[in-house]
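A.B. asks: So TrEMBL has the following annotated:
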DOMAIN    3-83  domain 'Manganese/iron superoxide dismutase N-terminal'
BINDING   His27, His76, Asp162, His166  Mn(2+) binding site
DOMAIN    93-194  domain 'Manganese/iron superoxide dismutase C-terminal'
Amino acid sequence: MAFELPKLNYAYDALEPTIDARTMEIHHTKHHQAYVDNLNNAIAGTELEGKSLEEIQKTGSDKPAVRNNGGGHYNHSLFWELLTPGGSKEPVGNVKSEIEKIGGFEKFKEDFSNAAKTRFGSGWAWLVKNADGSLIVSSTPNQDNPLMPVADVKGTPILGLDVWEHAYYLNYQNRRPDYVSAFFDVINWDKVEELYNK
Ligand code: MN
């Protein structure tokens, strides 16, 4: 069974003004679709065919087509679920408690924003759950993610922000910091908590 582009739980214009409808549509139907198609092509007839998307990340394939497109499909599938119209404003439950332990919500916002703003070129900022349940902020280049053996900080990603220019350029052009600060208006913290508790 080949991988498929997941449907979104909201309309393309639902996240405006934070993320505009045209960016969402192109990002989902063109960029994400391309990662899905290229991943399917890259694993067809190999030992990775039939493995779960998560397993493929953890395998740490050194094939660029698998690493880049497998990461692309995983990261974007996660990203869409982490967004919600209106956002839920603040962390809840266990994530709220764990964020308190790393300096509180304001400190977290500062650290996460810095990770997103200082990632040179294309990549992602992450909030990662360590094996002991603690949280740490990190970033990765390109379509890498914390599940991959190559990641500097390895663990379970529970929040991620796409800082590739394709994620914000139509609306924000070179103003990545404005996109990063607006992202906090559309985070689905209930989903973050669900991922933490998995
Ligand atoms: Mn993207």
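Using N, Cα and C of the backbone, Cβ positions are placed for all residues, glycine too.
Nobody curates TrEMBL annotations by hand; they come from automatic prediction.
Quick caveat, the model's predicted, so the values are computed rather than measured.
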A.B. asks: Which entry in the list of binding-site residues, His27, His76, His166, has its Cβ near the fewest other Cβ atoms, using 10 Å as the limit?
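C.D. replies: Least crowded of the binding-site residues His27, His76, His166, by Cβ count within 10 Å, is His166.
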A.B. asks: Near Asp162 (Mn(2+) binding site), how many other Cβ atoms are within 10 Å of its Cβ?
C.D. replies: 23
A.B. asks: As a quick check of your reading of DSSP, tell me how many residues in the domain 'Manganese/iron superoxide dismutase N-terminal' (3-83) are helical, how many are strand and how many are coil.
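C.D. replies: The composition, in the requested order, is 48 helix, 1 strand, 32 coil.
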A.B. asks: Tally the residues of the domain 'Manganese/iron superoxide dismutase C-terminal' (93-194) by DSSP class, grouping H, G and I as helix, E and B as strand, and everything else as coil.
C.D. replies: 44 helix, 22 strand, 36 coil
